[in-house]
Amino acid sequence: MQIGVVMGGVSTEKEISNLTGKYIIENLDKSKYEILPIPINTKFELIDKIKCLEFAFIALHGNFGEDGKVQALLETMGVPYSGSGVLASSLCMDKNMSKKILQGEGIKTPRWIMLYKNEDIDFESIKNIGYPLVVKPNSGGSSIGITIVKKEQELIKAIEEAFKFDEEILIEEYIKGEEITCCMLDGKPLPILSIKTKEEFFNYKAKYFEGVAEEKVADLSLELKDQVEKISNKCWKSFKLKVYGRIDMIIKGNEVYVIEINTLPGMTKYSLFPKSAKAYGLNFSELLDKIIELSIKEYEF
């Protein structure tokens, strides 16, 4: 089978996408697949590069990759692809919409308000959230543009930083607790990972540089483990996720807060998903086989 690994892209996460793509190419079984690297530098070249593919393994992150646009293009052209569909990708990329759905499903998520570029800032609502708080772009990932603001004097600088990456940003309640992630494969939870970082939070540096964060199987009580898995399953169904995904959470006391849902989790050497799969008993090559197998079943045109 011919597998095109679509990588690069046009978002701020291009560098990470290239790392993901490279690691996927290195670990795909060469005896099973004819592997074609598909580097993307502009939106327009994608159509020519993917039209003859038997299968597209999407290694893109951020806008025009993780937001449903590439998925829609592939579906239109009849090319099967890895991961979730158009709707799930679009919803999970929009943190504001995601949080509204989480709220509607009775799943805890930090309180938040939205700010829009070139509109007045609602300082009173921000004050009601309280400090410390988190300022982040509404779309995008890899923790790019995120700042933890401890006091009011730091707020404007953090807002300006987030607006460099998006026209819409979130001001979010800061939840101090244990950072965990639940990777899902075919709708089933893999071992839950606990994240301990030397940084202030699980930021870009902690995610992609060796030795900055320690991720290991979480030592949770049976009750908490069950709660996390139930929440993850509910997220999977509510957002119509397919094949694989990752739900990032924080545990505070006995309460679990969903921070965000990733439809195309990072697949670099240091990424969480391969580590969780390894703890389950799947090496990276086997994980890639499983993603391809499940995706083809899911997207039969």
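Heads up, the Cβ atoms here are built off N, Cα and C, so glycines get one too.
These features come from Swiss-Prot:
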BINDING   126-181  ATP binding site
BINDING   Asp248, Glu260  Mg(2+) 1 binding site
BINDING   Glu260, Asn262  Mg(2+) 2 binding site
DOMAIN    99-293  domain 'ATP-grasp'
Given the binding-site residues Thr147, Asn262, and counting only Cβ atoms in the protein chains shown, which has the most within 10 Å of its Cβ? Asn262
Measuring CB to CB from Glu168 (ATP binding site), give everything in the same chain under 8 Å that is also at least six residues away in sequence. Asn96, Met114, Leu115, Tyr116, Lys117, Pro137, Asn138, Ser139
So what sits near Ile126 (ATP binding site) in its own chain, CB-to-CB under 8 Å and at least six residues off in sequence? Ile113, Leu133, Leu155, Ile171
Rounded to a whole number, how many Å is the Cα of Asn262 (Mg(2+) 2 binding site) away from the Cα of Ile175 (ATP binding site)? 19
What's the number of neighbouring CB atoms sitting within 10 A of the CB on Ile175 (ATP binding site)? 18
Distance between Glu260 (Mg(2+) 1 binding site) and Ile175 (ATP binding site) at the Cα atoms, whole Å? 13
What are the sequence-distant neighbours of Glu161 (ATP binding site), meaning same chain, six or more residues apart, C-beta distance under 8 angstroms? Val135, Gly145, Thr147
Rounded Cα distance in angstrom between Glu154 (ATP binding site) and Asp248 (Mg(2+) 1 binding site) is 26
Return the residues near Asp248 (Mg(2+) 1 binding site), defined as same-chain residues 6+ apart in sequence whose C-beta is under 8 angstroms from its C-beta, sorted by sequence, else 'none'. Glu179, Ile180, Thr181, Val258, Ile259, Glu260, Ile261, Asn262
What does DSSP assign Leu133 (ATP binding site), in three states? strand
